[in-house]
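As recorded in TrEMBL, the features of this protein are as follows:
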type	residues	note
REGION	1-63	region 'Disordered'
COMPBIAS	1-14	compositional bias 'Acidic residues'
REGION	89-110	region 'Disordered'
TRANSMEM	153-174	transmembrane segment
REGION	181-202	region 'Disordered'
TRANSMEM	256-277	transmembrane segment
DOMAIN	261-730	domain 'Amino acid permease/ SLC12A'
TRANSMEM	292-314	transmembrane segment
TRANSMEM	335-356	transmembrane segment
TRANSMEM	396-415	transmembrane segment
TRANSMEM	422-443	transmembrane segment
TRANSMEM	484-503	transmembrane segment
TRANSMEM	523-544	transmembrane segment
TRANSMEM	559-580	transmembrane segment
TRANSMEM	615-633	transmembrane segment
TRANSMEM	639-658	transmembrane segment
TRANSMEM	679-711	transmembrane segment
DOMAIN	771-892	domain 'SLC12A transporter C-terminal'
DOMAIN	903-1102	domain 'SLC12A transporter C-terminal'
């Protein structure tokens, strides 16, 4: 953007004020209506500067005749001792100078009007149904055989412990509020028309005094006459307003209780393929002891996660996405998307596991169905000598692909068909469990099987300890096998048998009482399945020999009563049902992530409301088929375990963070939770991941980290009210309190510039701030560290301009972000510029985070436009900064300020005249850190008094700069050269002309004001004060500024930037005089920073 496009021509800069939202950004007319009248008096002594000038005279002695008194501070000669740098305090002059929409409750009331499920049918039964899976039927006995009763007990205990801890964490999360669903966001007009239609002439209500809907309307209660009041559905800020509508839609359907809504779905998901076809084998290889440990460990993990889930799920309404929604709203969109995608992958891979389990069971039950010849495995060198038949790998692949395609076709039929088919898969699961336990108790006495001993103490003792060894792909012990099993590997194999605790929370919209059903149903299903696994360890370890447990992975079917066919059918139906649920849930999870508009790359999977995610389903099917082609359930199961453990760790961490922060919004109905339990559950999940495979864990965490980084880099920011925001808030408060209100040590001093965007002149409406001011703000921060505050003042009444101020603040904030300024944008509405500025310098900031430097553009146009109000405003702003103890940086030549691509050469010249705490030195060093000025060198010009030793002053300054670790060339300017008329270093003719011109303008101004005051019969006043000016003093100020300007022009005409000390406004001089002094000081200098410190050291000599 060119400067001409921003400022226009200099001549019309103040011709009109820019309008923004109907409000003017133009200059403000001063409130003083009295004309400026001066009395020309000559006095023998210097007029006082009230207490501040007397303080200066006390510090400097009889310095009233000093030519540097214009600058108001100690001369450089007196302060080069820099006693304040060594610990002595320098006295400071103390002279004063002039969101949430109310419809949520109503929606929740309506949602509760439908039929709801209780704890048993809504939570317990669904959890139990999900936990008891195919592993128990076709692998549990084999696990007992290969692990032994002892290690099988350890295995079950370990996995059960994991799920138990997860369930505890889940319960804590789930009881922290109602759950939301996603729907269309109603427009404001629809909401208001709905309110009007329901309430009629509500303007006659006696409660209209309060300005909002009455409590009856908000809560959705019936009116006194029995008429139902409509629910306002205005969305909350920064939240998807569709939640209300979907919540209402969901409430119109039949609601489920705890048993059918949570317990049964969780039970169906937990009881999967691992229990049926791997659990007995796990008991065989791990033994009873370690199998108990295994079940306890995994069960504890899921139990703690269920407790955390219960707490989060009962702390508010939930939308679609299940654990993704919970984690994302607790840990932020970055973590939520990262873990949500991993959970999606886990569900997709789980579908392949269930398909392979069903196909393996089918081929074991019907060997004739194999297309290829069955593989015959002969085991030599072990106690198992008979031939063992296993399904062919190619058969598993072919049938698996076919089954996956059929399931995908069913999924494409819609969720209604799936809901109708789902109950068909539940009853065989429960019936098959009964048959298995009856078969174990009866031990097939009517038809004994080799290796099945019935419940025997000898088998129990033989299978108590573990017997880890190598096996082939069929799980048969083989000294030359390619897979060695140990406890860690069995954890990875068994853990999917305890997953499925999220099934109840995913159906929150269909529950009668979410905050009651989810904790009870989920925890009941977790504890039920864990207890059943523990009992199964003892039963499988006591009913068969270790050899039978090794070799018969479908031992659950072998010993089932009355026939193994029932178990085969139950296994196949349960696994196909679980696969169907995975292929249904995974695409919807991916679509939920895509619909949040966090990652643009996922936009292909977005779907409209109430539509089927067909593209996401196809993508899930491809992933599932790819895993089916692997053809080995033992390799797929650990992969699923990793993804589920990551999700459970995220749930536990979410509950831990929310519980630890204990924000006012954290009010879960589920009270049986603690941050330590959630933290232990999260740590347990990570420990189990490392137990299974440290390399796989590193890869999984790296995958999550990459997704997290990609979301941070490419994702769109979302304000979800996540726990990290609350953590940042509390950390900010703690940091602010730790900073205190004491003075900041120079080593910890950071520039916090307060930048006034448009104090003089106009800018185009679409440019709320001069772009070069943004560039200059970045130059005041080292490597981006620090904070800038951009402020603009709107003239007018706050009540009338409040909305305009809000929109202007958003525009200014967006603009500073576009200019890559780490800043805060504020808009102030005030009757005048002076009033607004005075309020800002007093109140802006908190504690030690208040702005310490005020950056103002020099009003170069005041004389051309004849704007007499600018001098008064300018002087008032400088005086306010001095009283508020703020440093001031006035930028002259802002249009010529370089951007980051315009490299500058030459020097950065400092005219260090008075003590400023080292602010000018620090600013020059900060400029050198920027690419545009890194090729420049610093020169320091020091003004020496007439009676001082210039060489000694130069030596002292060099030593001081050396101690400050700053490299600069030091040049001393003596006052004698300023008064030497014969000196060729200054253009005397031009100086005399400028001096005479300025003096003439001041004299004319005085004459006009005096004549006007005499006509009106008023005393001579300027800026509300009586004017008392010594003509000789005015000449002295004019001469000093003129000579300093001549020195700058002689030495720094080609400098990249010039920094000079800012003289404070004289107390009894009109603001017009001060503008004349300043114009003489900066005349013809293209780029200059006029700096005034605040007598606080910002640099230090010490480490």
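The backbone N, Cα and C atoms fix where each Cβ goes, and this holds for glycine too.
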Take a look at 153-174, 396-415, 615-633 and tell me which one has the most Cβ pairs under 8 Å to the transmembrane segment (523-544). 153-174
Against the transmembrane segment (256-277), which of these stretches has the most C-beta pairs under 8 Å: 153-174, 292-314, 422-443, 484-503? 484-503
For the domain 'SLC12A transporter C-terminal' (903-1102), the mean pLDDT of the predicted model: 79
Residues in the domain 'SLC12A transporter C-terminal' (771-892) per DSSP class, helix first, strand next, coil last, are 59 helix, 29 strand, 34 coil
If you count every Cβ pair below 8 Å, which range out of 292-314, 422-443, 484-503, 559-580, 639-658 shares the most with the transmembrane segment (335-356)? 639-658
Which one of these stretches, 396-415, 422-443, 639-658, has the most C-beta pairs shorter than 8 Å to the transmembrane segment (615-633)? 396-415
Below 8 angstroms Cβ to Cβ, which residues of this chain, lying six or more residues outside the transmembrane segment (639-658), approach it? 162, 165-166, 169-170, 172-173, 176, 301-302, 304-305, 307-309, 311-312, 315, 323, 326-327, 330-331, 335, 339, 342-343, 345-346, 349-350, 353, 491-493, 495-496, 499, 502, 627, 666, 673, 675, 678-679, 681-682, 685-686, 688-689, 692-693, 696-697, 700-701, 704, 723-724, 726-727
The transmembrane segment (292-314) vs the transmembrane segment (559-580): three or more C-beta pairs under 8 Å (separation of 6 or more)? no
